[in-house]
Protein chains: 2
Amino acid sequence: METFIQPKILKGFRDFLPQDEILRSDLIEKLTKTFRSYGFVPIDTPVLEYTEILLRKSNGETEKQMFRFEDNGGRDVAMRFDLTVPFARFTAQHKEELYFPFKRYHISKVWRGEKPQVGRYREFVQCDFDTVGSDSAVSDFETLSLMKAALSAIGVDEIKIHVNHRGIFNRFLKKLGLSEKSEDILRAVDKIAKVGEEKVSAELEEITGNADSSAKIIDYIKPLSSFEETLSHIEELAGGEDEDSKRMKTIFSMMKAAGIEGTYMLDPAITRGLDYYTGIVYETFLEKLPSIGSVCSGGRYDNLAGLYMKEKLPGVGSSIGLDRLIAGLSELGITNAKGSYLDVEIFNTDENLNVQYQEVAAKLRKEGISVEVFPDTVKINKQYSVTDKKQIPWGIMLSSNSETANTITLKNLKTREIFESISIEDAASKIKD
Amino acid sequence: METFIQPKILKGFRDFLPQDEILRSDLIEKLTKTFRSYGFVPIDTPVLEYTEILLRKSNGETEKQMFRFEDNGGRDVAMRFDLTVPFARFTAQHKEELYFPFKRYHISKVWRGEKPQVGRYREFVQCDFDTVGSDSAVSDFETLSLMKAALSAIGVDEIKIHVNHRGIFNRFLKKLGLSEKSEDILRAVDKIAKVGEEKVSAELEEITGNADSSAKIIDYIKPLSSFEETLSHIEELAGGEDEDSKRMKTIFSMMKAAGIEGTYMLDPAITRGLDYYTGIVYETFLEKLPSIGSVCSGGRYDNLAGLYMKEKLPGVGSSIGLDRLIAGLSELGITNAKGSYLDVEIFNTDENLNVQYQEVAAKLRKEGISVEVFPDTVKINKQYSVTDKKQIPWGIMLSSNSETANTITLKNLKTREIFESISIEDAASKIKD
């Protein structure tokens, strides 16, 4: 007796069936197109790297989550867990071949052995774009503008991008004499959307050791009614105008010049826990589904590749969480995936016409029409069930007595309208309309 | 003193710099578009699978080449070494959710720990497409037709696709009483293009034990002057017409009906070493560079997922060797990669105009134009050196006294033609021409 091996995949990994993969491809293609239109270019790096390259930037959590092993040559290697560390290694390694400012996008899979749970996978796609080698407000704004444009390109217009500046916050904390506790404070503040003001306030009191400091921080992080008001407020609390607050004003002027200021709010509670960021930071929420968390986040850093080279490379970047976004779109009912990319199915009703079918298909393809011939001469209902699944708008039939393939029957598979005995040229123009 | 970690990648792995990645993306996008236009849909499978799933179909060579390890949960896992085995597992696992005939394409990376050498990498991209669940000549032909269309889409028109049928060859060997030695014979014959007739003849004599059989096989595998002549010849040698030779006649008629018969030759020496194939088999050679070997190969099999389920799933598929193809294109000088996807650079000559630059950029983007603002106010020559690298056709400048951004200076960066004080609308229409 033959034995079969049970087909199965690893926990936390996923197969993508056509409908899901068509949706994902569609989103990636639209994002790609938008990244490109802003001057970003693609790069690629290996999935496997030396573990020491990947590990240096991370904490113990990352190390535990890595897919790490010894390869056949005895090398300590690991699968990348993000696209940032490989990008840092890449820029340091190729700095002589690149030009700066350098703007790259990278959309690819990364792996983390996290405990699988709803919406968390061990294999997932990151969509990153970064501008490195410039410290300018132009790049800050362009990044914010591209975040909006990219989400808009995939049909997500009802968003709010929360922006903040780590430098202003740090100056404020310094003024309060709390610089040394800033990491803890930033981490506490970052949780306010999740746990609420009361809990953050209590935690801040514990960190700072007094209720007054806690109240001042809570006052600082509350957004007022407009971007400009909030900016004046935090600028004042931090001790007046400086380079950082001037930059925020410039960025806001750029938003107005581009007519997109309504998408952004200044939110002093956004800190992005990582000590990596030094300038603006931002998170993006779906207005109708804020609960799923930020779908696009990032910030400005001052030293991308410091582990690999002496030169400091400042930059600003953002990352779109594609899986979370797809989950959100599907919850909002705004996913709209095709079943295939076909315009026409040529139905196979008579094996003797197989050559004629190909003649018709070839003529339609010359017109730029996407077409397939149903492979087997089987019952028409079986053929319809496939064209339904593939959501094909048009069908073509040849009558069995057609010596040549000059006239055909065209059927609109949605409306069921039928055009009999028309020429291939006429069919082509109907399909293209 | 700070220590830096040397940025480097693993042997046999590659970084792709923008120019190379733009080329590769461009080819993949054109192939994808063509696959889709023939009714193929995308799927995705995990990079990591259970080793027992991947291993069952392979020989010892594959096992040695796999990146295989124990994951943190103690599972024996490996990175996929091709896209066929995961596809077989996928169809068996999801057979109830799929529809048949099922046509899928999959363009993705695979990993093999081969000894690195010129043109051989440990990480490379495969481009596969398969039709499963049909045994029809329609699918055979459609596969052959799509191979030509896909290569044509990426500018490779001077190709010859060598086609053969394993069934006819097997019948011929049976007639000679050599069925039991057919695997060895097929493998010997497969080498004729590489090692020449004399060596194959000697090897065949050794395998079959007599010079007469060897001579008969050599006679069989020699193509005559046309597809039809060769077909008559091998059909006769195999004992007359049967289903297999009839199918080859049908396929040839389809080629003629589609007007593409000139691309194909019947080449009885093509056997594709794998015992997996049962019907037509094919390889594709660049007419100007046959020495690099086949750039697109495949065939018909009768049992895709036999390791994972009882039902037999016949199919036909093909795989494009993207790396080999890129190497070939570059050797022929027909690669033509862009430096970016931008239409326009807005030069940054005055920091005080940063807001105006964004206003112009936003207006151009509304017109569908791809544009970036140079991030820093640096010497114009430094800005030109970046626009050169990015191969941007147009440049825009604002004069420092422009209060508003209503008129601009547009420069054709190739011809150096300059249009002064024109409106943004006029600039947009010139750029779009």
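Every residue gets a Cβ built from N, Cα and C, even glycine.
Owing to the predicted nature of the structure, the values given are computational and were not obtained by experimental measurement.
Taken from TrEMBL, the feature L-histidine binding site applies to A:ASP82, A:LEU83, A:THR84, A:ARG112, A:GLN126, A:ASP130, A:ARG272, A:TYR276, A:TYR277. Annotation source TrEMBL lists domain 'Aminoacyl-transfer RNA synthetases class-II family profile' at A:1-375.
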Number of other Cβ atoms within 10 Å of the Cβ of A:GLN126 (L-histidine binding site) across all protein chains: 19
Site of maximum Cβ density within 10 Å, from binding-site residues A:ASP82, A:ARG272, A:TYR277: A:TYR277
Longest CA-CA distance among A:ASP82, A:LEU83, A:THR84, A:ARG112, A:GLN126, A:ASP130, A:ARG272, A:TYR276, A:TYR277, per record bound to L-histidine, angstrom: 22
Neighbour tally for A:THR84 (L-histidine binding site), based on other Cβ positions within 10 Å of its Cβ: 21
Integer average pLDDT (0 to 100) for the domain 'Aminoacyl-transfer RNA synthetases class-II family profile' (A:1-375): 94
